[in-house]
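What TrEMBL annotates here:
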TRANSMEM  37-59  transmembrane segment
DOMAIN    227-332  domain 'Metalloenzyme'
DOMAIN    470-944  domain 'GPI ethanolamine phosphate transferase 1 C-terminal'
TRANSMEM  480-506  transmembrane segment
TRANSMEM  527-546  transmembrane segment
TRANSMEM  588-609  transmembrane segment
TRANSMEM  615-633  transmembrane segment
TRANSMEM  640-660  transmembrane segment
TRANSMEM  666-688  transmembrane segment
TRANSMEM  709-729  transmembrane segment
TRANSMEM  766-786  transmembrane segment
TRANSMEM  792-813  transmembrane segment
TRANSMEM  885-906  transmembrane segment
TRANSMEM  951-975  transmembrane segment
Amino acid sequence: MGGDGILGIRDAGAAGAATKSSGSTERRSKWLKRRETWLVVLGVVLHAVYMLSIFDIYFKSPIVHGMDPVPPRFQAPAKRLVLLISDGLRADKFFEPDSEGNYRAPFLRSIIKGQGRWGVSHARPPTESRPGHVSIIAGFYEDPSAVTKGWKANPVEFDSVFNRSRHTFAFGSPDIIPIFCSALPHSTWNSYPHEFEDFATDASFLDEWSFDQFQSLLNRSNEDPKLKQLLLQDNLVIFLHLLGCDSNGHAHRPYSSIYLNNVKVVDRIAERVYNVLESYFNDNQTAYVFTADHGMSDKGSHGDGHHSNTDTPLVAWGAGVRHPMPMSSNKHSDLGDRFIDEHVHDMPTPIEWGLDGIERVDVNQADIAPLMSTLLGLPCPVNSVGNLPLDYVKLNEAEEVEAVLANTKQILNQFLRKSLLKQSSSLRFKPFKPLARYSLVLDQIEHLISVRDYGAAMKLSQSLRSLALKGLNYFQTYDWMMLMTVVTLGYTGWMIYIILHVLQSYTAFPGKLPTKEQTLQLRNNSGMVHLCGYLLMGCTCILLLLEHSPPLYHVYAAMTGFLWTRIFSELQFLKALWRDLLERQSIYIAKLVATCAVSLVILEFLVHSFTERKLYTWCFLIVGVIAAVHLYYSISWKSGIPIFVWFSCWFLSTFTLLPTEIPDNTLLVVASGAIIIVIGGFATYVDLHAEANKYWHGLLNHEAKKPRFPMLFYLQALLVGLSSVMVPLSTSHRTEKQELLALHQLTNWSIAGFSMVLPLFSSTGLLSRLTSIFLGFAPTFLLLSIGYEPVFYAALGLALMAWILYENTLLYISKMKRSSTLSKAREDNIILDSGDRCLQLSDMRIPLTFMVLFNVAFFGTGNFASIASFEISSVYRFITIFSPFLMAALLIFKLFIPFMLVICAFSAITKLIRVPRLGCYFLVILCSDVMTIHFFFLVRTTGSWMEIGNSISHFGIMSAQVVFVLLLFALTNIYTKDIQTRSPQQFSQKLM
C-alpha cells in the first residue's frame, strides 16, 4: 500500500527499511542530533547577520571624518547662546491652554508675541533622548541603530556646536550631559545621581536642580576672577537639560496634572534664566533657544514617528534673532519640501494655541544646529545635514547669503569626502553626476556675491545645498543592489536547506534515497560541488577585500555561498525528490499545491496583520464558526467541545479591536485575577472528573506522575489572588506621589519568582501540567499589567485549550476510522527513532496555527512592532528608580509570557499527536522566513518616519523570531519535557 512519501507516511518498502539494527539506529540518532545542533547554530548566526544587513543597506551611519570646518564670513550676532531642552515636551501641551483657558507657558508666549520667533521642530525617529539631542546639538540624524545607544555616556565621536564653542557650561541628566561633555576639555558640567530619577515622585525638581547649578555657577563667578573672565568671553554655550517632563510623562502620562504642571515649571525656569543672564551681562548679546528632543505619546512612551512624539516646540529670541512677524506669504523656505516627519510646510496652526496671527516657522530638528552656529558666528558642525532656517536670524542680505553659503560648503565637504572614500575603494566607481562640476557652481556663486547679486547667489547656494544632500544619500545607498541580491539569495538558500533537512530527517522520503551503489558517485559529486563553492566564495571575498568592503560584506557573501554549496551538494537527493514527484498521482500533486497555496495565503495574512490588527478579529470570528461546525458534524455536540471552541475564538477576537493605548484600569486587573482562578479551577475539575469522557481521554493520563503537593492548585490560586490584591496596593503610591514601599516591592518580586517555580511540581498529565503553567505565570503577568492585558491572557489560555481539544478530537476521529476499517497496521507504525511518527502533509496545519497564535500573542494587547507601544508604567510595581535595562528586561518578559503559553501548548500538541517537535520547529522557522523576506523588501526609506520605523521593526521582529522562539522553546522545555500523554495502545484500548 503506497503512502504520502514526501511529507507523509512510509510505504511498505520504507517501513521495512525502518527496521534496522539497534547500532545503526543509534548512529543515525547521534548524527541527526549533531546535524540539528549545527543547523540551529547556523540559523541563529544567519539571522543575526542578515538582520544587521538592513543597516548596511538602508541605514548606514552618516558620520565621516576628515572634513575641514567652514567658518562664516560675517560678524557673529551673539556672544553667547543659551540652549534649554525640555526632555519629552510635546508641542501641543506646550502651546495649548489648560481647562480654565490659561496658557501654561506665559513667559515664553510673551516672547513669541513680543521679541522672538517660534515654530514646531519636527524630530525624526527613533524619538529617543540620545538621537534627539544629537540632532539638535550636532545637526545630523543618527541611524536607527543609535536607539541601542540611548543611555550610553560614550565619548564624543562626532562634531557638535559644543565642540566648536570656546567653552560650554552644561547641567542636567547623567544620561545626556556626559554624552557631549565628558570628553570635551573646554566644558564645565555637572549631573545629578541616577537615583534622583524616581518615577514614583514628581520629577520637576530635576529641572530646578539644573537651574540651581547654573545659578550657583554665576554666584561663584563673583568670587572667582578666572570664572568671571571665562563667562565674559564670546562663543559661549550654556546648556540646561530639563528632564522633568520626560520622567513625569513616563510615570503619569502627558495629560496628567503633574506633567502639565511641569510645563509651567519649565516656563518659569526659562524666565528665571533670562532674567538672571540679562542682569548679569547687561549687554544684549545673549541668544536663547528653547526646544525639546522629542514628545510623548498619550500612554507615556516615545520612540516612534507618531506626531505626538515628533512635534516639539521651538522658541528663539535674543541677540541675532528676528522679532515676530504677522502671517505672510513671503517665505525663505522651499515650499516644495516636506519636513523629516512628512509634515508639509505652512501647516495651519491650531486655533486653540492662540497664535494663528503670528508667523510660524517650522524646522527640521537638525536645522537647529546650524541656527545656533550662525547666531554664534561659528562653523557648522562638520557632520551636520541641517539647513539654516533664515526666518529665525536677523542678518542683512549679504550676511544671509554668506551664512547659507557656509552651510552649503559644509554639507558639500561631506559629500566630497564620501565620494573620495568610495572612489578610493571601488574597482568600478560610479560618481554622482549632478555634482560633477560643483567647483564651477561655487565660482559662479562667489562671482554673484562680488557683484552684489544676492538673490541669484542665494538661489544658486540653496540649489547646490540640495544637490549635496542628494549626493550624500547617493553614497549612503551606493551598495544597495549588490547587498540586496546577496541577502535575498541567502534567505532563499536557507529556506530551501530547511525544507531539505525536514524531508530527509522527519518524513518517509529517505526510503527513496539512492542505493548504496550510488553512494560513491554521490560523495564524488558532493566533493566537487564543495570545491567549486569554496573557490567561488574565496574569489568573492578577495574582490570585496580589494574594494576595502566592511567585514560584514564578507560575512554576507560567505554565508550565502556556503548555503548554496550545501544545497547543490544534495543534488542526488533533489533528483530523487523530483522523480518521486513525477511518479505521483495528480490528486497528490493537487494536495501539495493546495497546501503550499494555503500556507502562503496565511503567511501573507500575517504580514498584513502587522499593520492592521483588526484582521485577527475577522480571522478568529471565521475560524471559530468553521471549527465549531466541523466538530459539530464530527462528534456529539453534548461533549461541549464545539461550543467551547466557538466561544474561545470569538472571545479572543475582541482584543484586536481594542485600542493599543491601554488605559489604566486597576479594577479590571483585579477582576482578571478572579477570571484566571475560575478558568484554572474549571480545568482542574475536568482533569479530575473527565476520565470517562472519551473526547477528553487523550488529554488525561492519571497513570502519569502525581503532583508532589496535592494542594498545589489551591496554592497557585492563592498566589494569583494575592497578586491581584498587590496590584491596587502597590499602585496607590504613584497616585499619591509617594515612593514604592520596600515591603510591597519585596512581596511583588517574591510572588513573581515563587509562582513560576510551582508548575514544576505539578502532575505530568497534559491538562494538569498546562493548567499549572497557566496559573504559574498569571501572578507575574498581573503585576506587570495596567489594563485589559490579563483578560487577554485568560482569553489566550482558553483559545490554546480550544486548539488542543481540536487536535485531540481530530486524533480521536482518525483512530476511530482506523479501528473501523481494520487498516491500522501500516499507517500507525512508529517509524522515527524518537518514538514519533513521520510528518505528513496535513501536519503543516500545526506550524501555521502556531504562527497565527504566536502573532496574536504579539499584537493582542498593542502594536509591539512600535517602540512606543511598550508601556513603561507596567514595571512600577517592581521598580521606580530609573534603570533602563532592568525596566526593558521586565517589559520584554511581560511580552514573552503569552509567547511561552503558546509554545507550551505547541509542545503539548506535538506530544499528543506524536510528531517530532524539532521538525515542527523547523517548519515554524520556514514560515517565519517567508514573512521575513517579505518584510525585507518592505523596509522603507521614504514616506513618513512612522512608516519607515515600523518597516524596520517588522523586519527586525521576524528576523529575531528564529532566535527568541528557540530561546523560549528551551525555556518552556523545563516545564513541558515531563508531559506524558497516553500511548497509542492505551488510546486504542479506550476506544475499544
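A Cβ is built for glycine as well, from the same backbone N, Cα and C atoms used for every other residue.
Tertiary proximity for the transmembrane segment (480-506) is limited to same-chain residues at least six positions away from its ends with a CB under 8 Å from its CB atoms, namely 6-7, 32, 35-36, 39, 43, 46, 50, 53, 56-57, 553, 556-557, 559-560, 563-564, 566-567, 570, 573-574, 577, 832, 838-839, 916, 918-919, 922-923, 925-926, 929-930, 932-933, 936. The stretches the transmembrane segment (640-660) and the transmembrane segment (792-813) are in mutual contact, each linked to the other by at least three Cβ pairs under 8 Å (pairs 6 or more apart in sequence). The stretch from 527-546, 615-633, 666-688, 709-729, 951-975 with the most CB pairs below 8 A to the transmembrane segment (792-813) is 666-688.
Shown for the domain 'Metalloenzyme' (227-332): DSSP residue counts in helix, strand and coil, namely 43 helix, 23 strand, 40 coil.
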